[in-house]
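**Q** Sending over a structure as structure tokens; questions will come in a sec.
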Amino acid sequence: MAAATAAVFALLMASALAGAAAGGDIVHHDDEAPKIPGCSNDFILVKVQSWVNGKEDDEYVGVGARFGPQIVSKEKHANRTRLMLADPIDCCTSPKEKVSGDILLVQRGKCKFTKKAKFAEAAGASGIIIINHVHELYKMVCEKNETDLDINIPAVLLPRDAGFALHTVLTSGNSVSVQQYSPDRPVVDTAEVFLWLMAVGTVLCASYWSAWSAREALCEQEKLLKDGREVLLNVENGSSSGMIDINVASAIMFVVVASCFLIMLYKMMSSWFVELLVVIFCVGGVEGLQTCLVALLSRWFRAASESFFKVPFFGAVSYLTLAVSPFCIVFAVLWAVHRHFTYAWIGQDILGIALIITVIQIVRVPNLKVGSVLLSCAFFYDIFWVFVSKRWFHESVMIVVARGDKTDEDGVPMLLKIPRMFDPWGGYSIIGFGDILLPGLLVAFALRYDWAAKKSLQTGYFLWSMVAYGSGLLITYVALNLMDGHGQPALLYIVPFTLGALISLGWKRGELWNLWSKGEPERVCPHHMHMQPQPKTPPLVQ
């Protein structure tokens, strides 16, 4: 069990890695690249659909240039045009033959992008596709001192593999035509709606389980307290609840350790390191899934859940746990082996949700002070590693790690994700574990307080904290779409909503001190009530 708990905390440290993000930006507003007359386009991704000998073939993705006309966004407005190899192949000098409205396929060469485009346009080409010399895509920019940039044909850069695939087809004597367009993303994709429901539902389930466990522990404690002083001492000195309360120091240390962990991921990000993260995620996912299933099934198989068997290194384990564990292990292993398959995201989300629910049930925020410190630190952590880190690393560290840009993976596994079903660019909508888990700890605290104070849904704090969390996450997705899909730190919006709701409500109701310092309502201990001397009956007067 100690190993499982360690795995859970390892995942907890990794959970604050990524904010909500879309499947990839298609529009890049670059303020660093020079903007001069005739060279001021935004950098956009471009679909290049090919036909070989009249039959539809592969589709490639490139990036549009800073100069020239913008690529059309509608497929129906994009012309299907013949593709030809340039001669010379780099188009750094004027082509030997005139072309009549065709698109030229050229190699990167050593001359400027604008020079290639000018020679291609002068030869009568209607466009130019440049093959990059590396796998990545570069931004085709202009130099500050360039003039006479009246270029009227579009230019697109393809990565090396895609460009040479077209080059091979052309050199084999085939007839190739292409269609170039850059479709817009939908304003709202159903993936974002389902991801919002998934995140809110996870916090809801985890909060009720945490509050239910706390209520059962409290009822058991009050029952034992009534049995006498000796039992009271045993209860006070024992720690059989299995819950872990966070304090202020551990809340601060969590963010420090998470920052170190994030830097390590950024610096060491590679295929083998992602494999290690997958193993850690599977260990935590197995523990989470097993805990959730045992808790759910124990209501129907009570005898199996209350009968225990000694297992080496693990101690006493219930028969129900032994029965469920193989299924959980097989499920996690199958996901790890087949995680690149189209529907593997379902397995990842199931393991992730189970892990988050388990952590919220085990780890508790004891009062509003600790919750405020934890979420405030996470708030600045998110902002720093999404926005401020660009100044030192020239890229957003958190987004690079979350997307797995330096690996062949789709990103680190510590994410919930859903494919963007109606997005022509595909990709995933994602949310980091920390954006669910950390606010979820505060929401669970609110429900535990409500139940301990015997508050109704309307007069308590849980309903409003859930509304605040859902609203903050909703605003995150609004900001995400307004920023053209650029990754957003979700805690930037969620923390002010959730903390603000609890603090303002507590202050208005005059309960802020109890929430802040004690974390529980005033109540009289039943044992002390039992031990208080009873008032004497006055003697009867004759």
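Numbering starts at 1 and runs along the chain as it is shown here.
The backbone N, Cα and C atoms fix where each Cβ goes, glycine too.
Remember, predicted model here, so these are calculated numbers, not experimental data.
Reproduced below are the annotations present in Swiss-Prot:
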type     : residues : note
ACT_SITE : Asp382   : active site
ACT_SITE : Asp435   : active site
DOMAIN   : 92-167   : domain 'PA'
CARBOHYD : Asn79    : N-linked glycosylation site
CARBOHYD : Asn145   : N-linked glycosylation site
SIGNAL   : 1-23     : signal peptide
TOPO_DOM : 24-192   : topological domain 'Lumenal'
TOPO_DOM : 214-245  : topological domain 'Cytoplasmic'
TOPO_DOM : 267-275  : topological domain 'Lumenal'
TOPO_DOM : 297-316  : topological domain 'Cytoplasmic'
TOPO_DOM : 338-342  : topological domain 'Lumenal'
TOPO_DOM : 364-367  : topological domain 'Cytoplasmic'
TOPO_DOM : 389-426  : topological domain 'Lumenal'
TOPO_DOM : 448-459  : topological domain 'Cytoplasmic'
TOPO_DOM : 481-486  : topological domain 'Lumenal'
TOPO_DOM : 508-542  : topological domain 'Cytoplasmic'
TRANSMEM : 193-213  : transmembrane segment
TRANSMEM : 246-266  : transmembrane segment
TRANSMEM : 276-296  : transmembrane segment
TRANSMEM : 317-337  : transmembrane segment
TRANSMEM : 343-363  : transmembrane segment
TRANSMEM : 368-388  : transmembrane segment
TRANSMEM : 427-447  : transmembrane segment
TRANSMEM : 460-480  : transmembrane segment
TRANSMEM : 487-507  : transmembrane segment
**Q** Let's see if you can do this one: DSSP helix, strand and coil counts over the topological domain 'Cytoplasmic' (448-459), in that order.
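**A** Once the DSSP states are binned, the topological domain 'Cytoplasmic' (448-459) shows 5 helix, 0 strand, 7 coil.
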**Q** Below 8 angstroms Cβ to Cβ, which residues of this chain, lying six or more residues outside the transmembrane segment (460-480), approach it?
**A** 19-22, 188, 192, 196, 199-200, 203-204, 207, 431, 435, 439-440, 442-443, 446-447, 449-450, 453, 486-488, 490, 492-498, 500-502, 505-506, 515
**Q** With an 8 Å cut-off on Cβ pairs and a sequence gap of 6 or more, do the transmembrane segment (246-266) and the transmembrane segment (487-507) reach 3 or more such pairs?
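**A** No; fewer than 3 Cβ pairs under 8 Å.
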**Q** By a simple count of other Cβ atoms within 10 Å, which of Asp382, Asp435, the active-site residues in the record, is least packed?
**A** Asp382
**Q** Return the residues near Asn79 (N-linked glycosylation site), defined as same-chain residues 6+ apart in sequence whose C-beta is under 8 angstroms from its C-beta, sorted by sequence, else 'none'.
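**A** Once residues fewer than 6 apart are set aside, Asn79 (N-linked glycosylation site) is near Ser126, Gln179.
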**Q** Validating a neighbour-count step here. Other CB atoms within 10 A of the CB of Asn145 (N-linked glycosylation site): how many?
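**A** Cβ-Cβ neighbours of Asn145 (N-linked glycosylation site) within 10 Å number 7.
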**Q** Restricting attention to the topological domain 'Lumenal' (267-275), give the mean pLDDT.
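**A** When the pLDDT values over the topological domain 'Lumenal' (267-275) are averaged, the result is 82.
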**Q** What residues in the same chain, six or more past the boundaries of the topological domain 'Lumenal' (338-342), come closer than 8 Å to it by Cβ-Cβ distance?
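**A** Residues 278, 348, 410, 413 contact the topological domain 'Lumenal' (338-342) from elsewhere in the chain.
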**Q** Sort out the residues at least 6 away from either end of the transmembrane segment (317-337), same chain, that have Cβ-Cβ distances under 8 Å to it, and list them.
**A** 278-279, 282, 285-286, 289-290, 293-294, 297-298, 301, 304-311, 344, 347-348, 350-351
**Q** Please identify the stretch among 193-213, 343-363, 368-388, 487-507 with the greatest number of Cβ pairs below 8 Å relative to the transmembrane segment (427-447).
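**A** Between the candidates 193-213, 343-363, 368-388, 487-507, the best contact partner of the transmembrane segment (427-447) is 193-213.
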**Q** Which of 343-363, 368-388, 487-507 shares the most C-beta pairs under 8 angstroms with the transmembrane segment (193-213)?
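**A** Stretch with maximum Cβ contacts: 343-363.
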**Q** Could you give the number of helix, strand and coil residues in the topological domain 'Lumenal' (389-426) as assigned by DSSP?
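**A** Grouping H, G, I as helix and E, B as strand yields 11 helix, 5 strand, 22 coil.
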**Q** Round to a whole number and give the Cα-to-Cα distance in Å for the pair Asp382 (active site) and Asp435 (active site).
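**A** Just about 10 Å between their Cα atoms.
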